[in-house]
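One structure below.
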Amino acid sequence: MPTPILDFDALAQAISDRTVLCIGDIMLDEFVYGEVSRISPEAPTPVIVAQRSEIHIGGAGNVARNIAALGARCIFVGLVGEDDAGRQLRDALGEQDGIESVLVCDPSRPTTRKVRFVSEHFSTHMLRADWEQAVPASDDVETKLIEAILPQIARADIVLLSDYAKGVLTARVIRHTIDAARKSGKSVIVDPKSLNWAIYRGATLLTPNRKEFSEATRSRADTAQSIVDASEDVMRLADCEAILVTQGEQGMTLVPRSGDAVHVPAFPVKVRDVSGAGDTVAAALAVSLAAGADWDSALRMASAAAAVAVGKQGTASVSAAELRRKILPHAYLAAEEKIVLEPDTLDAQLAEWRRQGLRVGFTNGCFDILHPGHVKVLTAARGACDRLIVGLNSDASVRRLKGAERPVQDERARAEVLAALEAVDLVVIFEEDTPIELITRIKPSALVKGGDYTREQVVGHEVVEAAGGTVVLVDILQGFSTTALVHRARGGGK
């Protein structure tokens, strides 16, 4: 099956027009940063010298923050107490662009608050103190929550339940929400906490982490295959379309009810803080699926968002701009850094990308005078892979193919123009008339050409398909031709 094309800019535009209804346990996250240099004389415990503190919207509230940061609108329904922490959360949510909050107040319980003490130098959590009453909401509060939730479903494109087991998502609240969403034709994503997944019956997607999945299925869940094997029974129990198991640095595995499982490797990053990474994944999935993305594209968005989040301290949100830089990193290199002149350099870069589990795409051409037709093919090619290599015919090769008066621009100029495009990750100049040797060396996962070719006419299709890759044909943009442009520029026509 052809690799789905991820057009980030088009997806981001669609996300900006979507609304996510997020329901769950909100909490106040406080981070106290300092340094540890001695042991207390009163007890064998380290003393942290506090230097600064930060307060963030946490728990399901952080999911809402991420939804808004990624460009969608969020309607958030949660529960707070009648206390300072609750008032701080109300004020903080009111200051957040893109979030409309509907908070039910329960005077009988404290607002959940977590204070983390962190070594600034080592980015290490030393201690966490929790203020909470982790019991299900009372019958009266349940009713208030349901009354707050149901009118919002019609306004949303997708529903996200963020369960931290602090009392909001009782079995009754979950049942009313999922049933109403399904009746309205809305998908429901659940980030579960309960080990009894039957209470989430009818949800579209469950997103447990590996520990939660292992406990719920009583399986080891230590490999992608073991996750697939353990998913069948619980998927039937939960009557869901798919289960996504997040596995930290091992990436994430999606098991759909129909079709093949998909494993997405984690981006290689330096982890500073994992607080809230799961919230970021849930938010990225919700906005992507709400915008019409397929599973593959939504997973790529979620994986990239998680990589950005764990690189930050504290309960972090991820913006659309940050996500774009993670998905299209080579767009931010100087053009000359993308031009590969030595085979060893190409081999080293390929090895690094494959170590990271990234899919490499390839397309080629003379690209003598870059025009919108070229840009369309290159953009589509980049959407079909994680990293795009463009094979560029050398000057001698172009002369043999196009005649003595071509190319108009020399190979270095053409390479620099291509490398300046954000869709292009590497440019490799080849001397031969066809790129077959280069394709054989690269063995790309996706081989992309304009749709004026058939699959059988695409040079290298046998090599790519034999290695398990796919050929992607992109519809050409009519009315654009380098030969015609050259002819017109030289006075041969209008």
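Keep in mind that glycine also has a Cβ here, set from the backbone N, Cα and C atoms.
Annotated region 'Ribokinase' per TrEMBL: 1-333, in sequence order.
Mean pLDDT across the domain 'Carbohydrate kinase PfkB' (19-317) comes to 93 in this model. What TrEMBL lists as domain 'Carbohydrate kinase PfkB' is 19-317.
Under the three-state DSSP scheme, ARG210 (ATP binding site) falls in the helix class. Cβ neighbour count for ARG210 (ATP binding site): 18 (other Cβ atoms within 10 Å of its Cβ, all protein chains included). Feature annotation from TrEMBL assigns ATP binding site to ASN209, ARG210, LYS211, GLU212.
Within its own chain, ASP279 (active site) has GLY59, ALA60, ASN62, VAL63, ASN66, SER162, ASP191, THR315 as residues 6 or more apart in sequence whose C-beta sits under 8 angstroms from its own. Per TrEMBL, active site is recorded for ASP279.
The region 'Cytidylyltransferase' annotation in TrEMBL covers 362-494. Residue counts of the region 'Cytidylyltransferase' (362-494) by helix, strand and coil are 53 helix, 26 strand, 54 coil (DSSP-based).
Summarising the annotation, TrEMBL assigns domain 'Cytidyltransferase-like' to 362-456.
Excluding ASN209, ARG210, LYS211, GLU212, which define the ATP site, the same chain contributes PRO208, PHE213, SER214, GLU215, ALA221, VAL245, THR246, GLN247 within 8 Å (Cβ to the Cβ centroid), listed in sequence order. Each of the binding-site residues ASN209, LYS211, GLU212 was scored by other CB atoms within 10 A of its CB, and the lowest score goes to LYS211.
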